[in-house]
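Per TrEMBL, these features apply:
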TRANSMEM  9-28  transmembrane segment
TRANSMEM  48-65  transmembrane segment
TRANSMEM  77-95  transmembrane segment
TRANSMEM  107-129  transmembrane segment
TRANSMEM  136-161  transmembrane segment
TRANSMEM  184-203  transmembrane segment
TRANSMEM  244-263  transmembrane segment
TRANSMEM  270-294  transmembrane segment
TRANSMEM  300-317  transmembrane segment
Amino acid sequence: MILTFKQKLWLILVLVITLSALYLLYGIGSDVNKFLIIYMVNSRYKRLLAILLTAVCVGASTLIFQTISNNRILTPSIIGLDSVYVFIQTIMLFFLGSQQTLKISALSNYCLSLLIMVGFAFFLFKVLFKQQEYSIYFVLLCGLVLNTLFSSLSSFFQMLIDPNDFLILQTNLFASFNAINTKLLWVSLIIVVFVLLISWTSLRKLDVLLLGKDVAISLGLDYELLVMKFFILISILISVSTALVGPITFLGLLVVNLAYHIFPTYRHSILLPASILIGMLALVGGQIIVQYVLTLETQLSVILNFIGGIYFILILLKESKDK
């Protein structure tokens, strides 16, 4: 039996709901105290919401990014937003110290990081994109160079930081769903919903962008305005997910390429929800394994980067064989 695209989406959605229910209710029996049940569900649902939000951010941003760059191997991390986040946290700890840094509210740190990362992406696009006659590849190249620059600067300052402060920094920089600030969660939810609503109204334009720059312009699209709009939306989504849970490098590459494989279509009205749902499936399933099977002996981001890295190598090998 061959399933239609909509049937596949519904099937994945059912799997996501099933795994989410399993995650929320695992280990809760009739003999468990009522107040303990309320506490467990309350803490788990916040973590689950953070997981689902991250899947939305990473899946949507990677799909849109690959469309405007016309490349299925690249991810938004190439423009250096992850390394900018690491650099911000490193510089704050280096100059302020752990005591002063801890006095800064999580919401203030979150908003500052978000504004700087979006500002960085806006600078990349607005300044460099226009100077090079709207060449998206030049912007990506500059992003890659700046990514290396910020990574090197972060490593330099981390070498100078007090060892105890360095441990605090490393803990904050690992992608983790185990310590989510509720205030950040609701702010992130509002931002992500707003960005998704804007993106959803332009899905057909993304279908046209998939044909390439020249074809999109000949069909009447304002290429510069459209790409700048999506570039800013991508930077907001990546900034939200990175500031909320930390950098996750290969998740977007993994879920979007799986979406392309399971849903062989050009229509972003199918690919966007598919990428998001597959991301949710991967993150919720992974968190169940990490939390209940491995008993939190490792981080979910470590497993995702390991699997995603292997998948990335397989994609490169497949591309080289096709050529």
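Just so it is clear, glycine is given a Cβ too, placed from its N, Cα and C backbone atoms.
No curator has checked TrEMBL annotations; they are predicted automatically.
Within the chain, the transmembrane segment (9-28) has long-range Cβ neighbours (under 8 A, six or more residues past its boundaries) at 3, 37, 40-41, 44-45, 48, 52, 270, 273-274, 277-278, 280-281, 284-285, 287-288, 291-292. Distant neighbours of the transmembrane segment (77-95): 101, 104, 109, 112-113, 116-117, 120-121, 124, 139-140, 143-144, 146-148, 150-151, 153-154, 157-158, 160-161, 165, 168-169, 172-173, 235, 238-239, 242-243, 247, 249, 252; these residues of the same chain sit at least 6 beyond its ends, with a Cβ under 8 Å from one of its Cβ atoms. Where the transmembrane segment (184-203) meets the stretches 48-65, 107-129, 136-161, 244-263, the count of C-beta pairs under 8 angstroms peaks at 48-65. Within its own chain, the transmembrane segment (107-129) is flanked in space by residues 79-81, 84-85, 88-89, 92, 135-136, 138-139, 142-143, 146, 181, 183-184, 187, 224, 227-228, 231-232, 234-236, 238-240, 242-244, which lie at least six positions past its ends and keep a Cβ under 8 Å from the stretch.
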